[in-house]
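Summarising the annotation, TrEMBL assigns domain 'CHASE' to B:110-322. Residues or ranges marked as domain 'Histidine kinase' by TrEMBL: B:390-680. Per TrEMBL, domain 'Response regulatory' is recorded for B:705-835, B:860-996. Among the features that TrEMBL reports, 4-aspartylphosphate is placed at B:D910. The annotation transmembrane segment is assigned in TrEMBL to B:38-58, B:333-354.
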Amino acid sequence: MLGLAADRLRADMNRLLAFLFHQGILDEQFLQLQQLQDESSPNFVSEVVNIYFHESEKLLRSLRSLLMDREFSDYNKMGIHLNQFMGSSSSIGANRIRNVCVAFRAASEQNNRAGCLRALELLEHEYCFLKNKLHELFQIEQQRVLAAGVRYPMQNI
Amino acid sequence: MGLKLQQSQHQHHSVAVKVNEQTGTKRGYTFIQANRAWLPKFLLLWVMVMAFLSTWIYKKMDADIKVRRKEVLSSMCDERARMLQDQFSVSVNHVHALAILISTFHYYKNPSAIDQETFAEYTARTAFERPLLSGVAYAERVVHSERGEFEKQHGWTIKTMQREPSPVRDEYAPVILSQETVSYIESLDMMSGEEDRENILRARATGKAVLTSPFRLLGSHHLGVVLTFPVYKSKLPTRPTVEERIEATAGYLGGAFDVESLVENLLGQLAGKQAILVNVYDITNSSDHLIMYGHQNQDGDLALLYESKLDFGDPFRKHTMICRYQQKAPTSWTALTTAFLFFVICLLVGYILYGAAIHIVKVEDDFHEMQELKVRAEAADVAKSQFLATVSHEIRTPMNGILGMLALLLDTDLSSTQRDYAQTAQVCGKALIALINEVLDRAKIEAGKLEMETVPFDLRSILDDVLSLFSEKSRNKGVELAVFVSDKVPEMVMGDPGRFRQIITNLVGNSVKFTERGHIFVKVHLAENTKPVVDAKVETCLNGGSDGGVPISDAHQFKTLSGYEAADERNGWDSFKHLVSYEESRYDASINMTVPGETSQSVTLMVSVEDTGIGIPLIAQDRVFMPFMQADSSTSRNYGGTGIGLSITKCLVELMGGHISFVSRPQVGSTFTFTADFGRCKKASFNDTKKSNTEDLPSSFRGLKAIVVDRKPVRAAVTRYHLKRLGMLAEVAGSVKIAASACGKNGSSCGSKIQPDIILVEKDLWLSVEDGGLSLRMLDWKQNGHAFKLPKMVLLATNITNVELEKAKAAGFVDTVIMKPMRASMVAACLQQVLGIGNKKQAGKDVQNGSLRSLLCGKKILVVDDNMVNRRVAAGALKKFGAAVECAESGKVALKLLQIPHSFDACFMDIQMPEMDGFEATRQIRMMESQANEQMNGGGIDKGFTRKGEWHVPILAMTADVIHATYDECLKCGMDGYVSKPFEEENLYQAVTKFFKV
């Protein structure tokens with residue numbers, strides 16, 4: 001029963017991953033990331049992703065405050081932020097966010113504030129979406145690990 | 001991706017900046033260029049200056065001429081004046097003498113010795129002495145008181161000039177003696193004429209000759225002057241007063257100068273009388289000049305006149321001579337022409353200079369324009385390559401996604417159909433990537449950016465690899481695929497294995513595509529061997545092909561690999577055999593001898609790829625190597641492909657220092673032949689690199705003996721070549737019978753030199769022989785009692801059906817079937833199976849993974865990246881391979897950590913970081929290291945560092961950018977290499993192996 005649950009959870013996880021890939025939300029870099037996770041660092045992915053969330057929220061906050069500023073002119077700084085965002089997004093394979101970042105940066109290079117605002121909205125939306133989905137994924141994984149953790153000792157014994 | 005975009009943006013910017021710089025610095029501001037607007041003004045100025053100058057020249061010359069003219073005039077005038085004066089004074093002197101004569105003979109003598117007759121005769125006879133005088137006459141002074149007596153004495157009354165009896169006066173001066181020419185004035189009172197009277201008074205007062213002002217002479221209408229001399233009765237005291245003179249006066253001698261005719265006469269004697277006009281004036285009254293000679297109103301050259309003084313001996317009278325030219329000064333053509341020519345020449349010179357300057361300006365403008373265009377073209381070229389790199393990257397990324405997902409998919413449980421589909425999709429994806437790479441290659445070759453590697457590689461294993469790539473396809477088509485490499489070709493050569501593989505793949509791929517039957521045969525030998533081969537061919541032709549060893553059962557068959565006709569007969573057995581036998585003899589002869597040519601550095605290989613496909617239509621043959629050209633458009637419909645392969649192949653071959661050619665006959669086949677230069681491999685380096693580059697062939701077959709049963713000699717030679725590579729000794733037998741008998745014979749003579757361990761039988765040969773016969777032979781053999789070792793039977797086949805397989809097993813080929821195309825490693829594997837020699841093999845991927853782990857294990861690595869996530873991921877990836885990882889979040893921190901001494905083995909450096917980017921950080925690290933090295937060398941003390949050499953931390957750039965320029969920049973600032981971000985295993989492996997020796 002428990003084994004079945006683990007299998008189902010694994011299938012759920014795969015489905016979710018497949019969905020994320022299909023939608024272009026994630027790309028193969030995420031798989032690479034998963035491959036890096038092994039016994040020596042069991043929580044590698046979630047660790048990295050959490051750092052990513054942490055950093056991204058900071059970046060998003062500062063981006064928003066930059067844009068909300070009345071006499072806003074610091075497109076350069078925004079570009080740096082966006083670069084960072086893009087770099088980390090491509091590192092974890094958050095493909096769609098990265099694409100939005102590209103658009104965002106293009107808008108910022110043209111000093112197109114309206115475009116920047118639009119892109120920021122979109123970015124925040126995508127970010128929330130990704131965050132939710134990844135949280136979901138990690139939850140499933142945790143459950144799976146728990147389920148597997150229950151099962152393996154039983155098998156071993 | 002983002003990073004890369006920005007990078008390219010940056011690059012673009014830098015290109016633009018470069019453009020500006022170049023135009024800025026290269027625009028050489030020459031003098032002409034700088035003053036281009038002034039050029040017409042310069043020209044105008046020049047022309048004006050020259051016009052001024054030529055005018056000046058003209059004026060100067062004209063003035064010179066005038067001066068000369070004036071000098072001429074003055075000299076002529078003076079000459080005339082002097083002559084006139086001389087003549088005049090001669091006449092005056094003579095008149096003076098006459099006066100003295102009269103006083104002597106008329107007054108001192110009493111009675112007078114002179115009468116009218118004597119005087120007339122004397123004067124007439126001495127007239128030549130006075131050429132200027134028309135005549136002379138003597139008038140006596142008669143006072144009024146004496147008038148009556150005088151008149152009575154002479155018998156006539158004194159008359160006035162008007163021929164009337166003279167009125168009463170104080171004094172008279174009637175002419176008493178006169179020359180015949182002027183006899184009409186006798187008895188006329190000279191005192192009655194105004195001029196004469198004045199003259200007479202003046203003459204007797206001064207005692208000298210005096211002249212009248214000019215007037216019309218009596219009797220002629222010429223202008224003249226009258227000269228008057230006083231004649232004294234008594235001798236005068238030495239210093240007589242005027243009164244004494246008047247008292248002593250006895251009479252007056254006068255003569256008329258006909259100045260006009262005289263001067264005329266005089267001038268007539270002189271040259272150039274026409275040239276000048278002469279006027280003689282009496283200027284006694286300075287306000288009223290009286291003309292003596294010449295016309296008052298003359299139309300001479302009024303501008304220029306010369307005045308010379310005349311002295312006729314009368315101090316009271318002043319005369320002057322004025323000369324002027326008859327004509328106005330002629331325009332001086334010389335001066336005018338000179339000036340004009342000068343002006344014209346200067347004008348031309350100016351215009352030429354102007355033209356040259358304009359030309360220079362134009363050329364320079366064009367040059368600058370061209371330069372700008374060139375810069376732009378170069379920028380466009382860079383942009384193009386960037387674009388290509390970008391696009392290929394952009395395509396590769398999703399393709400990697402697809403391939404990754406497919407790999408993932410293949411890992412899951414799939415039904416065989418699904419698996420097949422997925423595998424097909426994966427193969428297609430790989431093909432697409434290959435195509436993209438090809439296009440990129442083409443672009444790179446065009447840009448001249450393709451560099452050839454020179455690394456040692458094993459040619460044979462590469463050929464095997466390529467063949468195995470196509471084995472599936474060729475097997476399905478039933479096309480025989482074979483490779484033969486001459487023994488003389490060195491085992492390891494220096495060159496670019498990737499490119500070599502590409503060439504072979506292209507050619508073989510083409511052949512496979514266009515061949516439906518027959519064979520594809522790749523043959524490699526030394527280029528120097530071709531000549532004997534050609535000779536051999538002639539020889540065999542002469543011999544008529546009498547070859548005992550090879551029975552030809554089928555007259556239709558050609559002596560090629562598969563028996564089909566090939567386009568190039570040189571690859572037929574006739575020549576091939578010779579090559580093989582030549583090699584063999586050479587090989588035998590030179591076993592202990594160095595093969596000539598081995599000492600030379602390079603070796604030229606000739607590779608030919610022969611197929612029996614559809615061939616190339618004759619019309620299309622000359623554009624085979626042009627890019628994107630296929631034989632005709634139907635080709636791409638039927639067979640697909642872009643047509644870029646052969647052009648790339650040609651480029652690659654040329655880069656390898658060879659050339660490619662082909663022989664093709666439609667419906668018969670094509671043979672592509674190319675040569676390529678490779679370096680010979682040093683034995684020492686050979687051993688090092690052998691492991692990494694070539695698959696190891698098991699050595700367990702060394703010394704084994706085999707018999708190849710094949711009727712087709714070429715194919716047999718190929719089989720033998722593969723066996724030879726495994727170290728086996730192989731014999732060729734034309735048929736099973738021969739083989740069997742050979743075995744049998746050897747068997748009977750038990751333990752002689754050939755005891756075959758393996759017999760390899762070609763499938764079609766075996767099929768043509770009745771199976772019974774063969775089995776019988778086998779049975780025979782077994783019964784002969786070679787109990788200790790039976791030769792293993794191996795069937796060689798290109799393709800085999802299940803039925804045939806069964807049959808083969810039944811016939812005694814229990815052992816195995818080796819599927820063609822043969823590869824040494826595959827043959828080895830099969831034979832291992834047959835002979836039961838164990839050899840455990842590892843999967844390639846594990847090997848690599850393992851080696852990466854072994855490379856990185858225990859190494860201390862610094863990862864520098866400002867992005868926390870990236871840092872973590874990179875660290876995770878490196879940790880996975882067993883490295884100890886430390887992180888730094890900026891270039892500065894990295895610098896601090898890398899202060900010497902430190903214990904890091906390598907550093908992975910992000911390029912784009914705020915504050916200090918990767919390039920800068922690397923530069924500083926390198927600076928630090930070089931300082932440390934200097935100190936170390938300077939101190940000469942090894943401070944116990946375990947490092948034997950100098951400080952040099954390998955620094956690898958981490959970049960998302962794959963553009964070549966970035967790589968160059970990495971190297972420029974002292975990095976050792978770069979890895980793409982995010983990490984890929986192979987990429988990482990390649991980068992890391994460079995400096996981590998196991």
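Cβ atoms here come from the backbone N, Cα and C positions, even for glycine.
Remote same-chain residues near the transmembrane segment (B:333-354) are listed as 39-40, 42-43, 46-47, 50-51, 53-55, 57-58, 61-62, 65 (criterion: CB distance under 8 Å, separation of at least six residues from the stretch ends). Listed as Cβ neighbours of the transmembrane segment (B:38-58) (distance under 8 Å, sequence separation of 6 or more from its ends, same chain) are residues 32, 335-336, 338-340, 342-343, 346-347, 350-351, 353-354, 357-358, 361.
Under the DSSP three-state reduction, B:D910 (4-aspartylphosphate) is assigned to strand.
The Cβ of B:D910 (4-aspartylphosphate) has 28 neighbouring Cβ atoms from other residues within 10 Å, across all protein chains displayed.
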